[in-house]
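Step one of this worksheet: look at the structure below.
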Ligand code: SAH
């Protein structure tokens, strides 16, 4: 029988789960109720505030019996900003909840049963972990304020400190705030698109103890900037002071161009033994300690021996690629943002790593294109954004059939969807699932998954290729002799020599290398390519779009 629930009714209810945004979830028979502020295990009194067909929202009126997982909130904002949704839950319970969240997604969305999800790898000290803060700046009643936005709004919640940010940020905020106030610098207004100063962005090198302070302005110049530089020199770790110019009317935080006010244009930080150049615009993982845990897991799952050709799809500034390159023969990274690819190349140089190559483009276009050219990888790592992998990329993974796929995911729902495809359609087995807590006190969870093919498919012959051999500019037509041989072997089971390939290429009017020219001797006996091999080579040339 359907339960009839009405607005303003009161209920006593136990919170049995939590939703995406950390809101408590309870049930009144088959009716689902979302209760902001409720925690699994709480017994609460709620007033119904909104009723839909099969679900509704309740306001917590009284906490009748607190959950055993509740803890004191230590942050001054205490859930008023949109940042941390789980800080009223003790850390051990947060980690268990994240493990369950991954498990549930795999079951509910992926229909994947009997998969062991490892306990979430958490932090020893889950506070002050972030290396990047972005504070909007506003003027309220003549006073300059900065802080965070309230959940799902652009209402500013002022703050002086935040429990997950670097300790120095509070001091930096106060110096900047005082400078703006004392010098009467105009502050940006979102509605009118007038005013100069929009955001304060602070980036901190965790290991290197270098700090970048970046002021985002709606214009070219900051009046009295020398006073700001002088005031910030009070903190010796600040080695880069930047103006970012953002004159567009949108919600994006940073504009495209920067000017250095003082110090270096970038700061440097390290993950493990690798160093990374961090520019104001580049993406860099925000929790450096856990990033190392995550990458070590990906590396452990990849089980590299030094012989492998590895692809890192969605490589960002090449962080995972460089980690893998230390143990692989060659790593190719693909990333959609061209500046990130430039950073990746610089980072490879910075670390003296020469067995990586990076491509700017969509993973779902670059990798299928290269596969058509005969490229096969031993291991592929994917680390897509929240929406997961595009179908076209998954189809190419299926066709290419690397022995191992390491899937690094920031959204268990799209992870579950993609794993369903890779297991049901592409013949992979989920071997290991490891959640890692990159964002303590939030509902986010990162997961590393190892998928493998099981037995080696003996028909698949790994193509020993080098992209340097191929003309990669615009993915022009062409394939090496080795690739043609591998293709022929894989598709017809026939072994063909370079000589035969050259004969058929010549027959098709294609250029052949000088080593494959006809013998100079008039009467030299040159073996002639038999018809079945000719047909197989022709097919390969067609496949590589050479004819
Ligand atoms: N592996 C990196 C970055 C992961 S974030 C790291 O650990 O730091 C996901 C990355 O995917 C972002 O850098 C984003 O720019 C990139 N991206 C988004 N869509 C893409 C696409 N279709 N093809 C390739 N890269 C894409």
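Note that Cβ sites are derived from N, Cα and C of the backbone, with glycine treated the same way.
As the structure is a computational prediction, the values presented were derived from the model and not from experiment.
Taken from TrEMBL, the feature active site applies to 410. Taking the Cβ of residue 410 (active site) as centre and 10 Å as the limit, one finds 17 other Cβ atoms among all the protein chains shown.
The active site, nucleophile annotation in TrEMBL covers 410. In the three-state DSSP scheme, residue 410 (active site) is classed as coil.
The DSSP secondary structure for residue 285 (S-adenosyl-L-methionine binding site) is coil. A simple way to gauge crowding: the CB of residue 285 (S-adenosyl-L-methionine binding site) has 20 other CB atoms within 10 angstroms, across all the protein chains here. What TrEMBL lists as S-adenosyl-L-methionine binding site is 285, 314, 335, 383.
As annotated by TrEMBL, domain 'TRAM' applies to 4-62. Confidence annotation: the domain 'TRAM' (4-62) carries a mean pLDDT of 92 in the model.
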If you check the recorded positions 285, 335, 383, 410 one by one, which have a CB less than 6 Å away from any atom of ligand 1?
285, 335, 383
Alpha-carbon distance [residue 410 (active site); residue 383 (S-adenosyl-L-methionine binding site)] in Å:
8
Integer Å distance between the CA atoms belonging to residue 410 (active site) and residue 314 (S-adenosyl-L-methionine binding site)
12
So residue 335 (S-adenosyl-L-methionine binding site), by the Cβ count within 10 Å over all chains shown, scores 27
Measure the Cβ-based neighbour count of residue 314 (S-adenosyl-L-methionine binding site), defined as the other Cβ atoms within 10 Å of its Cβ.
19
